[in-house]
Amino acid sequence: GRMKPVIVVHGGAGRIFKEREEGCRAGVVRAALRGYAVLKQGGSAVDAVEEAVQSMEDDPHFNAGCGSVLNEKGEVEMDAIIMDGKNLDSGAVSAVKCVANPIKLARLVMEKTKHMLLTDHGAHLFAQAMGIPEIPGEKLVTERSRERWKKNLEPDSNPEEFQKDLGTVGAVAIDSEGNVACATSTGGLSNKLIGRVGDTACIGSGGYADNHSGATSTTGHGESIMKVVLARLILYHMEQGMSPEVAADTALDYMKTRVGGLGGVIVVNKAGEWAARFSTKQMSWATVKDDNLYYGIYAGEKHIKSVDEALASEREGF
């Protein structure tokens, strides 16, 4: 049967500084509209989530692709995952450098190899073999990321404090065929140890998609997310009959009480119902369904515009 396509995106859970709010809102809206355009043209859920995430990787407001935070050595190391709910195929990369769009590389891992996760040097060799252009690492480093890295190196600094306003980017979608998909991408934690891989590249933690239940992408404290396998936990709750919203809240609540971790999630179920929920102060998110755009950053905030109106203001520069 023909499904009405839906896309949901997030730009990370945490604390979003006032001066960055507008950029974050505009960025998730742009990503959702781009992903939805793919679905409207009959594109697959996988194509749509890749397109939406790529849009946010290219936007320096987000901790993914250009704008990623720096590790202890002052370098960008990125993780990404994509998953197809039709056959549970997935591709991921971890600790990759000098690539503009890790999500594209994750997609190639899914489609061109028998593996699910390539890391660091191996991912680099694979990117070369696939003809992905290498870009200088500095190209991904923004002034803001370098400033933060320097601040965190000061002896009395507390990098943990800074983690709160960072997030991963992600997207989930259901296409007109009823296939679901998820994609997640991140620069990780500021001043992390070299070689640290968080939840994003890990199937079931950073994302999961299964046509039998739905799809989800997560953001927040990676180590906490991994401990409870958050993405898969949400789908499990939906398999038990919970709505996306209740499943998301139940899983986030469990993560908070069990391991003290905060985060955010976006969810779509196989019926096309969606949710964007978070236990942090904020999470930028946007959804398009039935030609309506919904978006917000604060708990309880939900703006609604028609897609036509949103596209018109996009062209005028938001």
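Even glycines carry a Cβ here, placed using N, Cα and C.
TrEMBL has this to say about the protein:
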- Thr168: active site, nucleophile (ACT_SITE)
- Arg196, Val197, Gly198, Asp199, Thr219, Gly220, His221, Gly222: substrate binding site (BINDING)
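Here Thr168 (active site, nucleophile) is positioned 13 angstrom away from Val197 (substrate binding site), judged by their C-alpha atoms. Overall, the recorded substrate-binding residues Arg196, Val197, Gly198, Asp199, Thr219, Gly220, His221, Gly222 cover a maximum inter-Cα distance of 16 Å. Checking the binding-site residues (Arg196, Thr219, Gly220) against Thr168 (active site, nucleophile) with a 10 Å Cα-Cα cut-off leaves Thr219, Gly220. The binding-site residues examined here are Gly198, Gly220, Gly222; by Cβ neighbour count within 10 Å, the least packed of them is Gly198. The Cβ of Asp199 (substrate binding site) lies under 8 Å from the Cβ of Ser205, Gly206, Thr218, Gly222, Glu223, Ile225, Met226, Leu230, each on the same chain and at least six residues away in sequence. Between the listed binding-site residues, namely Arg196, His221, the fewest other CB atoms within 10 angstroms of a CB are found at Arg196.
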